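Q: Found this in TrEMBL, in case it helps:
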DOMAIN    22-48  domain 'WIBG Mago-binding'
REGION    23-171  region 'Disordered'
COMPBIAS  27-42  compositional bias 'Basic and acidic residues'
COMPBIAS  80-89  compositional bias 'Polar residues'
COMPBIAS  92-101  compositional bias 'Basic residues'
COMPBIAS  115-127  compositional bias 'Acidic residues'
COMPBIAS  130-143  compositional bias 'Low complexity'
Amino acid sequence: MSRPPLNPDKSNAGIIVDPQTLQRVIPESRRPDGSVRKEIKVRPGFTPQEDVRRFRGTRQTQMDANSLPKGHILGWIAPSSASQPAKPTSKSAKKNAKRKEKREEKKSGAAADEPVPDNWEDEDEDEAAPKPSESSSAPAAAAGVDTPKSEASSSEHTADKPTATHVVSSKAIKKLAADLEKLSTK
């Protein structure tokens, strides 16, 4: 069993644990006139009024635990925590970081390939006339040829007509054809 510290912690009422006897006591103290007060033993289980905590229900304690510190601003991150970059230490962490960078580059590259129209009002006029890319992509899709998304879905999105951006691979077409043949023979 470990011994209590030489300078024990005092409660609000001044009660400490005596290091020699391991009992709770109020230690000796000096009065202003110089005389000494005797050490007072405290009965086990006794809690003086100064040490009694204010009652807090479970909801109140939970709210206190979840509350933000005084003066905290929502959404604000301290500069010290935001400026420290996370450094991968292990080999697997480094590999995962590289993979993540490649995925982000791939996503940003795919977004950069699609042209952004200069004027959104011109779309309504273009919908009336069919585009040459629409007619050329339909035979390619029927033949089972993979086409890029920009060719396959050249029709613009409107509130009335949602965009159809489905690119079907040749394997999927062959599988569907085989399934259809099985259904038709039965």
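Any Cβ shown, glycine's included, is placed from N, Cα and C.
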Q: Under DSSP, the compositional bias 'Basic and acidic residues' (27-42) has how many residues in helix, strand and coil?
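A: Helix/strand/coil tally for the compositional bias 'Basic and acidic residues' (27-42): 0 helix, 6 strand, 10 coil.
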Q: Tally the residues of the compositional bias 'Basic residues' (92-101) by DSSP class, grouping H, G and I as helix, E and B as strand, and everything else as coil.
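A: For that range the per-state counts are 10 helix, 0 strand, 0 coil.
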Q: Over the domain 'WIBG Mago-binding' (22-48), what is the model's average pLDDT?
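A: On average, pLDDT over the domain 'WIBG Mago-binding' (22-48) sits at 92.
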